[in-house]
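> Found this in TrEMBL, in case it helps:
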- 27-483: domain 'Major facilitator superfamily (MFS) profile' (DOMAIN)
- 83-102: transmembrane segment (TRANSMEM)
- 114-136: transmembrane segment (TRANSMEM)
- 142-167: transmembrane segment (TRANSMEM)
- 188-207: transmembrane segment (TRANSMEM)
- 213-234: transmembrane segment (TRANSMEM)
- 251-273: region 'Disordered' (REGION)
- 256-273: compositional bias 'Low complexity' (COMPBIAS)
- 298-316: transmembrane segment (TRANSMEM)
- 360-377: transmembrane segment (TRANSMEM)
- 383-405: transmembrane segment (TRANSMEM)
- 426-448: transmembrane segment (TRANSMEM)
- 460-483: transmembrane segment (TRANSMEM)
Amino acid sequence: PLSPPSGLMRLTSHNTQALYRGFTLFLTFLFYTSYHLSRKPISIVKSELHKNCSTLIRPPNLNGTDNETWCDWAPFDQDNYQTLFGAVDNSFLVAYAIGMFFSGIFGERVPLRYYLTTGMLLSGLFTCLFGLGFYWNIHSIWYYAFVQAMNGLVQTTGWPAVVACIGNWFGKGKRGFIMGVWNSHTSVGNILGSLIAGIFVSSAWGMSFIVPGIIIASTGILCFFFLSIVVALVRTMLMAVYEQEDNEKEPLLQNSSSSEEIFSSPGLSNSISSESTEEHTEAISFCGALRIPGVMEFSLCLLFAKLVSYTFLYWLPLYISNVAHFDPKEAGDMSTLFDVGGIVGGVVAGLVSDQTGGRASTCCVMLIVAAPMLFLYNHIGQYSLATTIGMLLVCGALVNGPYALITTAVSADLGTHESLSGNSRALSTVTAIIDGTGSIGAALGPLLAGVISPTGWNNVFFMLITADILACLVSFYINLFFFF
């Protein structure tokens, strides 16, 4: 077992907590940034797999190819290319949604260090395999759908685990703001993924996947070696940290075995033993987590909110390319503004909910304003460059703000609900249920966009506005009956 450095033993409880919390925030931020970084390339590459070949000069030595589709990548060179894109997206998202419900259960029982490392290494493998289809000249829709499905499955290892890492260590009074800032890893990952994919998309789109795949695999190796350091930090302050009485300094749960079980291997979990560490150590069941007040309601709200967010994630670059007539790289770069707005929206939502004490009311207000903003973006968003930039920032903030708040602070609140009587082994399961339900919406959104978009982008935005209004109605119900 690792022994803490002698210098750490002399640190005060407060300094030790700050060091541990800061290190945990940094590591988990880095880990989940890499998860989202590896998801983004498909949305950038779509406009390269199928584009307007009439605007390009056909090479003279190219024979036996349709004049209208010579520059496209089969099988996405047919008229049903949008349906095929939707199928590839949903291979990932459906597998992700199904796997998420089981991921939380495993996350409560498997050492986090190995769980995250395995997930990131496998995600890197499948992300690279998608890109290798370019170099191996693969034109089978089944290959790309299978690789995406497997990638979606292994990526479920990330979210419940990283939320469980930090959810028990920040008092409820500042949790919304801290987790709002921390949750910017989602948008940072999307931005970096867009920029990296954009570098290669027009020359060799396979590298748009291979480079992010190498990055997340490398991050998995960092996880394996550096999370073990956290174990040493935890040991030096496990007992002292639970004696703090201030709401902003004390952990929310009174079970001191939580941190050991999250970060350590089974052999390390025996390093500290006392009667208090044995209480409430049995992980909560799936049905038990569903009975926590507010879990099902917020899960439904996230379903509609994530439907909107993920439709933008997967289809915004193609929409910009088609409507504003940008090339694939420019469309990808422009789409990052939506994620920049998402960073601001997540922080603002967390800060406001901390000050008001109303998570559901904060979501409701932002969702109310989001509906007309989505309508305006579709109708006037492409009038000028300044209008496009402004509307993308505003829509990103209003759409991703409630989504970020529910998946972080709300999940942590419910995973540490008073009805659990101090059981520390519920947070991962609760997070997985909420995000798993939301991922059903994440799968439906891109699928519906693929089906509806051939009839016109106006109908896609009508679908998004409808989902936004439904999310608003659910959040209003929560605020009315749960006072959350």
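All residue numbers here begin at 1 and follow the chain in the order shown.
Glycine too: its Cβ is placed from the backbone N, Cα and C atoms.
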> Within the domain 'Major facilitator superfamily (MFS) profile' (27-483) only, compute the mean pLDDT.
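Mean pLDDT across the domain 'Major facilitator superfamily (MFS) profile' (27-483) comes out at 80.
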> How about the transmembrane segment (426-448) and the transmembrane segment (83-102): do they have 3 or more C-beta pairs under 8 A, pairs 6 or more apart in sequence?
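Checked: the transmembrane segment (426-448) vs the transmembrane segment (83-102), in contact.
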> Take a look at 142-167, 188-207, 298-316, 460-483 and tell me which one has the most Cβ pairs under 8 Å to the transmembrane segment (360-377).
460-483
> Any chance the transmembrane segment (142-167) and the transmembrane segment (460-483) have 3 or more Cβ pairs under 8 A, given the pairs are 6 or more apart in sequence?
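No, these stretches are not in contact.
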> In the same chain, who gets a Cβ under 8 Å from the transmembrane segment (114-136) while lying at least 6 residues past its ends?
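Sequence-remote neighbours of the transmembrane segment (114-136) are 31, 34-35, 38, 41-42, 73, 106-107, 143-144, 147-148, 150-151, 154-158, 161-162, 204-210, 212-221, 223-224, 227, 265.
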> Counting only pairs at least 6 apart in sequence, do the transmembrane segment (460-483) and the transmembrane segment (188-207) share 3+ Cβ pairs under 8 Å?
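Contact between the transmembrane segment (460-483) and the transmembrane segment (188-207): absent.
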> Which residues, given as numbers and ranges, are at least 6 beyond the ends of the transmembrane segment (383-405) yet have a Cβ under 8 Å from it?
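For the transmembrane segment (383-405), the far contacts come to 176, 180, 183, 186-187, 301-302, 305-306, 308-309, 312, 320, 324, 334-335, 337-342, 344-346, 348-350, 353, 359, 362-363, 366-367, 369-370, 373-374, 376-377, 438, 468, 471, 475.
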